[in-house]
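Heads up: the structure comes next, in structure tokens.
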Amino acid sequence: MQRYISLSVSLSLLSGANALVRPDGVGRLPALGWNTWNAFGCDIDASKVLTAAEETINLGLKDAGYEYINIDDCWSVKSGRDPNTKRIIPDSAKFPDGISGVASKIHDLGLKVGIYSSAGTETCAGYPASLGYEKIDAESFAEWGIDYLKYDNCGVPTNWTDTYTHCVPDNSNGSKFPNGTCPDISNPAPTAYDWSSSNTAQRYNAMRDALLGVNRTILYSLCEWGQADVNTWGNGTGNSWRTTGDITPDWSRIVEIANENSFLMNYADFWGYPDPDMLEVGNGNLTLEENRAHFALWAAMKSPLIIGTALDSINEEHLAILKNKPLLSFHQDPVIGRPAYPYKWGYNPDWTFDPAHPAEYWSGPSSTLGGTLVLMFNSEDSAKHRTAVWSEIPELKDSAEKGSGYRVTEIWTGEDLGCVKDQYDVELQSHDIAALVVGESC
């Protein structure tokens, strides 16, 4: 039996000891940007990418901190590489001026540009990928002006698969994971196996080394779905690393991923962040409350916040969520790298692994908010009360005696709730989340 992460693990473990530190602070804080995939899949072209870049400015998202405009899969000629140079060839029907032409226009707007490849022979959509061509592709990306690489895990040949299987309790790998364990896993690794020596780690390290060898700083986003215990080596390889299979704009999938990622917060700090996948805010049939909870949890976990909706048709409510100043301020804290941690599970006993009901009570210190970030989440399917008790919150409990009061601000509305004694109770609609800044004592 393998356990995803010890459910009694202390959330005070050191992280970042072997972090990938890049010039100019690139990758020190979790990325903010936009990506083509969730909105358009393979149906991409220069016009859609440039429209997103322009709307990032027009809608105030650039001013809010979003800076990367990322091109996902399907940007190249599908038939193969240039027979002479061995370079990947941008699809001229989609990108008449090449990737470099799009990158130049995005840079002229004061933004950065990202590209996609995979650590295999083909991308997930069947386009040429980078395994064995890491140096050539890194050089191409640098010459084109690329600032960000999302590196997927498709097209892996059999000689590059891992000897052992790591437990990732995600629905893409089955459905039976009692409290975060994988009792049915085939070929588990021996105790104390060093996953940094695995074939998966070697494939991703090869591209890391290629990127480090070019004369351009390129943020490196690993997309290998939590395999090969990436949490133990991802911070020395890339700036973020995916922890699960792909997200979808379905509430059940969003809370499943939130649950999985919540057990990995000890790995998040400056220069390295577990990545629960791109945002679905504005997509599918998610309610306003679900969009709000999705964003708040991702921001509190200091996940990369990569928008995945069409910006030229986004509504004001969804845009306001993506631009929420207090949550973005917490997310981009230049002094405190650690994310918010769950301090009470609420619906379940503490440390319960439940894909439908993640931890409901979160808190985190902040140097930018003038207090502690506190989240209360209703994971249930009907309206429920949730109560934040000051003496239960780790950042407050040493000073929160009976009768203690704190000045509290509600994050979604900006309302000053005044001096709140002992606790704060709120009724939340199904799947909604309350977000507070608990400030000075009063």
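Think of each number as a place in line: the chain as shown, counted from 1.
Cβ coordinates are placed from backbone N, Cα and C, and glycine is handled just like the others.
Only one of C124, C167, C182 is recorded by Swiss-Prot as the disulfide partner of C154: C124.
In this structure the C-alpha atoms belonging to C154 (disulfide bond) and E224 (substrate binding site) are separated by 8 Å. Counting only the Cα atoms, the space from C42 (disulfide bond) to G226 (substrate binding site) is about 24 angstrom. Within the set of recorded positions N159, N173, N179, W225, N235, the entry lying nearest in space to D246 (active site, proton donor) is W225 (CA atoms).
A separation of roughly 13 Å, to the nearest angstrom, links the Cα atoms of A228 (substrate binding site) and N173 (N-linked glycosylation site).
In three-state terms derived from DSSP, D152 (active site, nucleophile) belongs to an extended strand segment.
Geometry remark: C74 (disulfide bond) versus N235 (N-linked glycosylation site), CA distance 28 Å.
Within the same chain, residues at least six positions away from C124 (disulfide bond) with a Cβ under 8 Å of its Cβ are D73, S118, D152, C154, G155.
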